[in-house]
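The transmembrane segment feature in TrEMBL is assigned to 24-49, 84-106, 118-138, 161-180, 224-243, 279-298. Annotation source TrEMBL lists domain 'ABC transmembrane type-1' at 81-297.
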Amino acid sequence: MARQKAVEMSASVKKRNRRRNLTAYLFIAPNFVGFAVFTMIPIVVAVGMSFCKWDGSNPAEFIGLDNFISLFRDTFFVNSLFNTFLYCIGTVPLTLIVALTLAVLLNQKIRGRSVFRVVSCIPYVSSIIAVTTVWRMIFHPAKGPVNALLYYAFQVPKGDLPQWFTGHLIIMSYILFSLWKSMGYYMVIYLAGLQGISGELYEAGNLDGANSWQKFRYITWPQLRPTTFFVIIIMTIACFKIYDTAVLLAGGGNMSTSSMVLVSFIYQEAFTKWNMGYASAAAIILFLIVLLVTLFQFKNESKYTND
């Protein structure tokens with residue numbers, strides 16, 4: 001009798017567990033299907049296509065590693081890769097420093113800090129087209145207020161005024177624009193990190209006679225290392241994915257070697273020249289670069305965390 005009841009209870013528990021598991025699977029199924037359809041399958045197809053020559057209409061022709069070999073002999077690809085790294089190296093530390101500085105300042109009890117917080121986030125939440133239009137107006141070579149200031153206040157000759165959206169200054173324009181647009185977002189992340197620091201640490205610092213710099217160096221910065229690690233990761237990935245900023249600031253169309261970045265190179269090869277296999281090979285290289293950089297950062301995670 002007791003054994004029969006135990007068997008019935010075991011069967012009931014198993015049935016209840018199956019029902020609970022089925023409910024959980026049904027909840028995660030839409031996300032899993034979306035991930036498989038829009039992420040995993042395209043990655044697998046891109047990997048296979050990178051070893052082929054295909055124009056999107058004729059049958060694909062397997063060519064092995066020819067696409068990868070040709071890429072590193074392609075001046076446009078090498079320049080786009082260099083420009084992307086240059087943009088990343090310039091954007092990440094500069095944005096981190098500015099966002100952290102703003103967060104520390106706006107974490108103080110100052111009048112109007114809520115207004116400053118909102119204003120700092122306006123470029124980030126605004127349309128990318130709107131903010132790039134404003135940016136192009138501000139830095140317009142002939143009519144922009146920046147060059148007008150250089151001309152009238154600093155007596156820079158008209159022939160020497162910087163052309164912000166051409167030549168070697170275009171990457172600097174990308175960096176400054178990205179700083180202006182995204183600093184508010186990363187400032188909010190740092191503000192959240194600052195709110196999590198115990199006030200007792202600062203009280204102990206005051207008792208020890210620490211000044212503002214010493215409190216930042218020995219209390220604030222160490223406590224913000226996990227936040228900094230997170231910011232560096234997401235900012236680095238975002239930098240390697242730059243596309244809309246480059247296209248809108250450079251004027252779109254066929255971009256020059258000085259303005260080309262890796263994603264715009266991939267788009268141009270895939271949807272302008274219809275070199276699908278060639279573009280897929282470039283996309284795989286971009287994927288591997290981001291993966292290696294991210295793995296390197298996670299390997300050195302202990303330097304950024306408090307553990």
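Including glycine, each Cβ sits where the backbone N, Cα and C put it.
Remote same-chain residues near the transmembrane segment (161-180) are listed as 83, 86-87, 90-91, 94-95, 98, 123, 131-132, 135-136, 139, 141, 144, 146-147, 150-151, 239, 242, 245-246, 249-251, 256, 258-259, 261 (criterion: CB distance under 8 Å, separation of at least six residues from the stretch ends). Within the chain, the transmembrane segment (279-298) has long-range Cβ neighbours (under 8 A, six or more residues past its boundaries) at 43, 46-47, 49-51, 67-68, 71, 77, 81, 229, 232-233, 236-237, 240, 262-263, 265-267, 269-270. Tertiary proximity for the transmembrane segment (24-49) is limited to same-chain residues at least six positions away from its ends with a CB under 8 Å from its CB atoms, namely 60, 276-277, 280, 283-284, 287. Same-chain residues lying 6+ beyond the ends of the transmembrane segment (84-106) with a Cβ under 8 Å from its Cβ atoms: 113, 116-117, 120, 171-172, 174-175, 178-179, 182-191, 193-194, 216, 220, 224, 228, 231-232, 235-236, 239-240, 242, 261-262.
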